[in-house]
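A quick write-up on the structure given underneath.
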């Protein structure tokens, strides 16, 4: 892709997200979401492949449906209350419509079925943008409105954690596994949204760091399936040795970074007298843990079949930039001791 066109599209992504962040009027927020969607569509379809075009079409139809529902919800709210302000969503009907529209936009269960199929048709770089940056604007709207019906959010959250863990069990494509991992993590964020918005924001930040590291590792090793993970030792032994720690951090095991948000969310749910919800969420996390352990096993305890005589193949040096990977991988593994500082920031 032409560098000028690529720069313009990336600036469009940033502009759309910034407009949504800075807006207090529903029409401006809707406009920012539309600019964001239109900017990423050429990035998704830049590889002229039927699978990429199919993924782009599915993404466009889904996002257009979500944006239309969101606009209809804002118009309904203005008709019922006379308010266009984002913070004035008080009527239950438009609030519920807005919640489901944003759930469709980010891929919460049971409105999730488009996400694995779309992510499977993209390259790893565009999939990284779709899994991280594209979540920011819808979550900004969710954090501002804070839907007043916790039953809907808890139902969406539990369904997402269950389907996100269940759906990834029998997958062999890494991008589909990451899509179901995204659904499960989004479920954890939505579970605690009504009770502790700053904890949702903390979970989103940690999720972005972990997911960015995972996509960058797969991009560095050029792996897209579980079977190809077995050959990663010969290419990047140090990165392959650290990758299981990253996957276990995504699973939420101590003493890694991913343990902090799950621990704090379970504590908050228990404090809100939702012990059953916390128990179900913790049990669904075991499903996700299974396929993270499966990936770790494929990378560390299996050996790619090699019938060649030479054990060191000739290959060119990698031209990829590894500084972002080094920073995100370090943060993914070692940020747990900073959890008290991160949780204290909103109170300062």
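Glycine residues also receive a Cβ, built from the backbone N, Cα and C atoms like all the rest.
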Pick from 20-43, 92-115: which range has transmembrane segment per TrEMBL?
92-115
Suppose you had to name the range TrEMBL annotates as transmembrane segment; which of 131-150, 151-170 would you pick?
151-170
The transmembrane segment (92-115) versus listed stretches 151-170, 177-195, 201-221, 233-254, 274-293: most Cβ pairs under 8 Å:
151-170
Distal contacts, the transmembrane segment (177-195) - CB-CB under 8 A, six or more residues away:
103, 106-109, 112, 115-116, 118-120, 127, 131, 135, 139, 142-143, 146-147, 150, 153-154, 156-165, 167-168, 171, 203-204, 207, 211, 214-215, 250, 261-262, 265, 268-269, 272, 277, 281, 284-285, 288, 291-292, 295
Restricting attention to the domain 'NADH dehydrogenase subunit 2 C-terminal' (289-342), give the mean pLDDT.
73
